[in-house]
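> In case it helps, TrEMBL gives these features for our protein:
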- 1-193: domain 'G-protein coupled receptors family 1 profile' (DOMAIN)
- 12-39: transmembrane segment (TRANSMEM)
- 51-72: transmembrane segment (TRANSMEM)
- 92-114: transmembrane segment (TRANSMEM)
- 142-165: transmembrane segment (TRANSMEM)
- 177-196: transmembrane segment (TRANSMEM)
Amino acid sequence: VYPKELCEFYGFNLAVFVSAQNLMVNIVAINAFVLIYFSKQIPFGKKDYRLLLWTFGAPFLFSALAGILGQLGPNGTFCYFDGVKGTVANLFFTTVPLALILVMNIVLYILTWIRIHKETKRLHLGDSSQLMSANFTAARNMSLFVVAFFIQWWAMAIFGVWAYVTPDNVPQLLFHLVTTFSNIGGILNLIVYLIIRQRLILRKRSLKQQKKTQGTEMSAIASSNTFSL
């Protein structure tokens, strides 16, 4: 890619936003877990400044350092970490964090859904709480982003490990899987948005129907009391 600086600039931006998304979804998984198991939300500060500093500040600093050290450039398929000079940066900046975050998110996701499944059964038995129900709804919605994250980045995690173990024997198919799945994040997030929106619409309809039913029952009770008098 010419000029070389353009490739480095593209790689810098890609490294920042890929890492920011990884950290953001990991925080989402942790927040859902804490919400369900401890009924608390992680405090992110005014306008979520702590969350933004972590998810964008850390990747920006490390990407800038990688650029200064000449670690950014063409990797054989696209501009990211240089395929020759940037192997160490790619290992510690992408492969290891992405693999750890994937495993951590899966574990937290499974634990969260087990707890939701158990508590949902208890709620159906009559031991219900409006706060608990709201927490479950929030956790389910957050978990959708974790699923979307897994679908988007599983190929990149496998590619990173494979390229580190046998750098000269990476299948061409894996390159295509990485470039395909890592670029469908917008589609996946759109699907998540539409699912959450549909859930909200159904919930509003359900609440509206409940109020209507309660109003009918109250009118019937009032009429019955009037006739009895």
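Every residue, even glycine, has its Cβ placed from backbone N, Cα and C.
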> Residue list, the transmembrane segment (51-72) vs rest of chain: Cβ under 8 Å, 6 or more residues beyond ends.
7-8, 11-12, 15-20, 23-24, 27, 44-45, 79-82, 85-86, 88-90, 93
> Average pLDDT across the domain 'G-protein coupled receptors family 1 profile' (1-193)?
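On average, pLDDT over the domain 'G-protein coupled receptors family 1 profile' (1-193) sits at 84.
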